[in-house]
Amino acid sequence: MGSKGIILLLIGSLTAYYIYSPIPDEIEDKWKLMITDSFFRSLSHLADVLELVGLKDYMDVMMLITLAERVTPNADHDTTVAEALFDGVEVLVYEPRRESASAPRRAVIYLHGGGWCLGSARMAPYDLLSRRIASELNAVVVSVEYRLAPAHHFPVPFEDVYRAVKYFLAEDTVSRYSVDINRIAVSGDSAGGNLAAAVAQQLQLDKDVHAELKAQGLLYPVLQALDLNTPSYQQNEHMPILPKTLMVRFWSEYFTSDKSLFRSMMANSHNSLESSHLLRFVNWSTLLPEPFRRKYNYTALSADPSHATAALADPRASPLLAADAQLRALPRAYILTCEYDVLRDDGIMYATRLRDAGVQVRHEHYKGGFHGAMMFSVWPTDFKIAHRMLNNYIRWLDENL
């Protein structure tokens, strides 16, 4: 073999080694997931290097994912799209062109994912989802473009979303969009699911809001930051799309620019003694069904007051920490979880707590699912499981809204 052949073989071997990662048998489209994840890992490594040498912040580089998928949400033959400001918060409003009957329409307020640091309502998967909901349900969809961390730490993203939701729930707003005030849902994926759950809880406490949400749709939501060593965090520490290091980085960047919090959270020693009374709400030894506990042993969480932050115990950041009494008044819920996702147990524990509080819950668990799967619905990163998830989610909305 000549020198060129050896070089090509070496390059090919190194490429295959970098792309290959062990994928569980239950996951479909394995090679597509490997290739997609290798792109994310490459960008993450580049972001690490550029931040290390002081050229770019990590999240600024990772925003390339968002920018690459941004589209211009134009009207089509089924749906109109308009930009609007709801109490100063930018939103996209999707309305079906279909003529409504005399009854007002349903509405879904959608909150995009991205770890509070990435993502946009203008990304192709979210644009596609909003159009499908608007068209198939003859519903108004409000997709919120909230401000992102680390430029805007907690509680700014939550406050943006909450202001937009309150604005939409006002009688004059629902009247303007011909929406039935009794048939409105809030929904989101990942960090958007976190915000959706927090909004649903906060509305119960707000005496200025008289409207009630009919439903909440939480898609592989992130719901707590007290225990970052649940069985799903352990099992899926190195899984594609959302490894533990990235999820912990999202959490730490959401709260602060102090890098020491990231290190403390990675060691799961970031809690304060003041939050110890909340640990029962994330005790997976009692809240997870036995098949999800498997071989893992529960150990009490350690505390490091020097790196603790009050936001860790705030239900607006960690909805799983809400008291039982507050959960009882929440609207019916759809919770989607994936087996190969560090956030799996957050969603399962919340489903358990909501059911125990008397809330109607539809929990769909995908044994071959991975984090973010439902948004991989646009070529070239379209996965078969994404379309099944989309169809089941929209069917639930249609039946429950």
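The backbone N, Cα and C atoms fix where each Cβ goes, glycine too.
TrEMBL lists 1-16 with the feature signal peptide.
Per TrEMBL, the feature domain 'Alpha/beta hydrolase fold-3' maps to 108-268 (among others).
Under the heading active site, TrEMBL lists SER190 (among others). SER190 (active site) falls within neither a helix nor a strand when secondary structure is assigned with DSSP, and so counts as coil. Sequence-distant contacts (6 or more apart, same chain, Cβ under 8 Å) of SER190 (active site) comprise GLY113, GLY114, GLY115, LEU219, TYR220, PRO221, VAL222, LEU242, LEU343, HIS371, GLY372.
The annotation domain 'Alpha/beta hydrolase fold-3' is assigned in TrEMBL to 309-374 (among others).
Taken from TrEMBL, the feature active site covers ASP341 (among others). A coil conformation is recorded for ASP341 (active site) in the three-state DSSP classification, outside any helix or strand.
Here TrEMBL flags HIS371 (among others) as active site.
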Cβ distance under 8 Å to ASP341 (active site), same chain, sequence separation 6 or more: which residues?
TYR220, SER232, ASN236, MET239, LEU242, GLY369, PHE370, HIS371
What mean pLDDT score does the domain 'Alpha/beta hydrolase fold-3' (108-268) have in the model?
97
Cβ atoms near HIS371 (active site) (within 10 Å, other residues, all chains):
27
